[in-house]
C-alpha cells in the first residue's frame, strides 16, 4: 500500500482489545509520513463514537502515531497554550481503509501549565480483566507510560514547542491551498 502524502486526508479508527470499533475520526489531514510514523492534524474533524454519537473537534490538534511505540499523542492548540492527550495504544497499522490502532484505556493528560495526570486507571483494570489482556501487553503498556513521561519531561518530539510550531505552520500553509 502506498503511504498517504502531505495534504491527503485519512480516516483514523480506534478499536478495543476485543476487536470492537471504539471511535472514528474522519478527514485527518496528513502532514508527514515516514516508514514508522505519521503526523497529521485534526481541525473541526467529525468524530463518531461506538454508540453512534457524533461530535466535531473544537480546535486544531497535531496528531502523532508511531509503529514502534505503544502510545499516540494529540497536541491540542488552544489560546491558553498547548495541552496534550496521550493514548496508551498499540502501534498503528495503515490499510486502504484507515489508520488503525487498539486503544488500551490508559491516558496521560498534559495541561498547558505542564501538570501531568494518568487517567482511566480503573477503566484499564476493568477492561484488562474483561478482555483478558495478556501479561506481556500489560508489561509493554506500563513500560510505555514510562517512555511517554520521559518524552514529556524532556520536551521530546511532539512535546517540543518548536515541533508544534513547525507542524502547525505547515498545516496553515496547506489549508490555504
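Glycine is treated like the rest: Cβ placed from N, Cα and C.
Feature annotation from Swiss-Prot assigns active site, proton donor to 23; the stated evidence is sequence analysis. All protein chains shown were included, and the count of other CB atoms within 10 Å of the CB of residue 23 (active site, proton donor) stands at 16. A strand conformation is recorded for residue 23 (active site, proton donor) in the three-state DSSP classification.
The Mg(2+) 1 binding site feature in Swiss-Prot is assigned to 87, 103, 107. The C-beta environment of residue 87 (Mg(2+) 1 binding site), restricted to residues of the same chain at least 6 apart in sequence and closer than 8 Å, consists of 14, 71, 72, 74, 103, 104, 106, 107.
Here Swiss-Prot flags 105, 107, 120, 123 as Mg(2+) 2 binding site. Classification of residue 107 (Mg(2+) 1 binding site) by DSSP places it within a strand.
Calculated from their C-alpha atoms, the gap between residue 105 (Mg(2+) 2 binding site) and residue 23 (active site, proton donor) amounts to 12 Å. Each of the binding-site residues 120, 123 was assessed for Cβ neighbours inside 10 Å, and the highest tally belongs to 120. Take the binding-site residues 103, 105, 107: by the count of other Cβ atoms within 10 Å of each Cβ, the lowest one is 103.
Sequence-ordered, the extra residues of this chain that approach the Mg(2+) 1 site, with Cβ no more than 8 Å from the Cβ center of 87, 103, 107, are 14, 71, 72, 85, 86, 88, 89, 104, 105, 106, 120.
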